[in-house]
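Written below as structure tokens is the structure these notes are about.
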Amino acid sequence: MHIERLAVDESVGRAMPPQRFIEALSDLGVPVEFAGEDEQFGPGDAVASFGHRDAFLDADWVHCIRAGYDEFPVGVYEEAGTYLTNSTGIHGTTVGETVAGYMLTFARRLHAYRDAQHDHAWDLPRYEEPFTLAGERVCVVGLGTLGRGVVDRAAALGMEVVGVRRSGDPVDNVSTVYTPDRLHEAIADARFVVLATPLTDETEGMVAAPEFETMREDASLVNVARGPVVVESDLVAALDSGDIAGAALDVFSEEPLPEDSPLWDFEDVLITPHVSAATSKYHEDVAALIRENIEKIATGDELTNRVV
């Protein structure tokens, strides 16, 4: 494979300013061009994109600027002989800090005070409501880049960290690593259950009514994975019934979250618009990955984060 051009698809604008991304790639060694929706591709072309377009299949290589590539038809890329890479590995810090923020918000009741501020109300919490994260247990489901970013920050806050990992292999700062078949055991005693898994056939619908019934009544769910990992109707029912105390949700089965979703109206639900990995340096992080792979193509080495 020989790359003669990198096309920056207009869809990257959903995650970062395209021009800043192009400028970050100015030293790439090949022309870097903005590509609109009618752009055509051919041999020698590489594409950086937020989502899939059929025209990309005529290029040699497509880089997804996100970690999640579930919108890309992997089998079709394989049949077309088009390389596909993703941006996993660069989100640990941002997502880890976001999750730490969620947990601190619930523990210190910051969301309740913000709500009261909007009403110009000097509302004090009930004595039993505020708590500290130190000594509390968090279960991180999925111990890849995202999960480890959460683990390290939770450990720094003095939390007891357990996790769920397909292999069951040990991870630094995680006291116990469970395999997925022991999910209920892993989440049963956790004050927070953090979902940081990719969306696969195995993880779709992984958290539903039985899991909410297993969780502590004072526990909160945090989802920075993918919306369909959780059965949303069961989550609403669990919040309604008091099976769990709250949830911090960055991802949803349907995005944007519909205006009539009952999730908007729970006092102890934090909703963010799929931005847990957002950072003003994102264009630089993705550019570094692309630069690394351009160099690997030149030397014939295996691409970093190759999906197909």
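Keep in mind that glycine also has a Cβ here, set from the backbone N, Cα and C atoms.
What you see is a predicted model, and the numbers here were worked out from it, not measured in a lab.
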Cross-ref Swiss-Prot: NAD(+) site T145, L146, V224, A225, R226, H274, V275, S276, A277; candidate in list D169, D201, D250, D301 matching that site is D250
One should report the C-alpha separation between S276 (NAD(+) binding site) and R226 (active site), rounded to whole angstrom, as 12
In this structure, the one of the active-site residues R226, H274 whose CB has the fewest other CB atoms within 10 Å is H274
The sparsest Cβ environment within 10 Å, among the binding-site residues T145, S276, is found at T145
Rounded Cα distance in angstrom between H274 (active site, proton donor) and V224 (NAD(+) binding site) is 8
Spacing of the two Cα atoms, V224 (NAD(+) binding site) and E255 (active site), in whole angstrom, works out to 14
Rounded to a whole number of Å, the separation of the Cα atoms of E255 (active site) and R226 (active site) comes to 11
